[in-house]
Amino acid sequence: MEEPQSDLSIELPLSQETFSDLWKLLPPNNVLSTLPSSDSIEELFLSENVTGWLEDSGGALQGVAAAAASTAEDPVTETPAPVASAPATPWPLSSSVPSYKTYQGDYGFRLGFLHSGTAKSVTCTYSPSLNKLFCQLAKTCPVQLWVNSTPPPGTRVRAMAIYKKLQYMTEVVRRCPHHERSSEGDSLAPPQHLIRVEGNLHAEYLDDKQTFRHSVVVPYEPPEVGSDCTTIHYNYMCNSSCMGGMNRRPILTIITLEDPSGNLLGRNSFEVRICACPGRDRRTEEKNFQKKGEPCPELPPKSAKRALPTNTSSSPPPKKKTLDGEYFTLKIRGHERFKMFQELNEALELKDAQASKGSEDNGAHSSYLKSKKGQSASRLKKLMIKREGPDSD
């Protein structure tokens, strides 16, 4: 088959002269249906309105560019937005350490606790020998307030927690981050407060602006009819072993009796351990306390060192020599030598018997051995007499 020859008469519109012809071939409904002439184009770009608009636009653009350049060279200082205050340090240090010494005052203020055992099911128990309260997390801990005479009206009771050891006393006792974010507990109390009061709508949770310490204050109520003391129910909202919180550091709870002006009327304190099994921990610590024989735990932390046992010595105690219970057979040639070794063995047996047995047994045994020894001595004399005589054939 013959290939069709290309039509050379068709030329591509490669010049500006053919562009107007192609423009006329476009359909009439096209947006660009009419091609403007060269005169109209010149009038468009050379009209006074367009020229003024371009000049105004150019001036505006130049002004914007100049403003941008000046801004880049000399930045304008904007008024900063109010910055939020920095959060408080996780462990704020207090400027003063409250005292925890017992002070009964003029009203004979003292504390009391309910008698409870050491069973596994108990949720709160107090050890008088340790002056320590063992309780579970967020469980009711009744504390009794005893006074000899009624304080003045408006008296308040304050509860505050501090660390027991000297190196941590300046730190504020607060809950761990995990329990702070939890929604459990009283909504009236701040989430960072460790001690809370149960069943008292007049409780006030205070943060000291100078020491940053947390405390809860309730008005003092006289004992009810038929009762000798006032009871306040406290809750501890974090475990002693929580990381980021107490972190196994022992704490003390200070209960103070104050007048309306804040003057101290009485003070008392006790150690607290918040754990999962209060009864078990109380038994363990009381046994350790009895074994160590430490002084009273109410003494200052400086004297809380472990006392060395008095019976310690560098050299071990001498060991008693134990008699060997084995028996051996010794072959001896000659009857005379046998008698001599027999007497020596009996003498050693007598010495051992005197060292091990009492005087009564030793007396009977020695008399028996002496009689036997006397018989052996007489036999030895007879043998010597026979040897002194003439030899027989």
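Heads up, the Cβ atoms here are built off N, Cα and C, so glycines get one too.
What you see is a predicted model, and the numbers here were worked out from it, not measured in a lab.
Break the compositional bias 'Basic and acidic residues' (283-295) down by DSSP state and the numbers are 10 helix, 0 strand, 3 coil. Positions annotated as compositional bias 'Basic and acidic residues' by Swiss-Prot: 283-295 (among others).
Here Swiss-Prot flags 352-363 (among others) as compositional bias 'Basic and acidic residues'.
Per Swiss-Prot, compositional bias 'Polar residues' is recorded for 364-378.
Here Swiss-Prot flags K386 as SUMO cross-link.
Per Swiss-Prot, the feature phosphoserine maps to S15 (among others); the stated evidence is similarity to another entry.
Under the heading phosphothreonine, Swiss-Prot lists T18 (among others), citing similarity to another entry as support.
Residues or ranges marked as phosphoserine in Swiss-Prot: S20 (among others). Secondary structure at S20 (phosphoserine), taken from DSSP and collapsed to helix, strand or coil, is helix.
Summarising the annotation, Swiss-Prot assigns phosphoserine to S33 (among others) and lists similarity to another entry as the type of evidence.
Among the features that Swiss-Prot reports, phosphoserine is placed at S37 (among others), with the record citing similarity to another entry.
Look at Swiss-Prot and you will find S47 (among others) tagged as phosphoserine, backed by similarity to another entry.
Taken from Swiss-Prot, the feature N6-acetyllysine covers K305 (among others).
The omega-N-methylarginine annotation in Swiss-Prot covers R333 and is backed by similarity to another entry. Within the same chain, no residue at least 6 positions away in sequence has its Cβ under 8 Å from that of R333 (omega-N-methylarginine).
For K370 (among others), the entry in Swiss-Prot reads N6,N6-dimethyllysine, with the evidence type similarity to another entry.
Sequence annotations record features per position, and here Swiss-Prot assigns N6-methyllysine to K372 (among others) based on similarity to another entry.
The N6-acetyllysine annotation in Swiss-Prot covers K381 (among others).
The phosphoserine feature in Swiss-Prot is assigned to S392 (among others); the stated evidence is similarity to another entry.
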**Complete:** Cβ atoms other than its own within 10 Å of the Cβ of S20 (phosphoserine), all chains, total 11
**Request:** Tell me, roughly as an integer, the mean pLDDT over the motif 'Bipartite nuclear localization signal' (305-321).
**Result:** 52
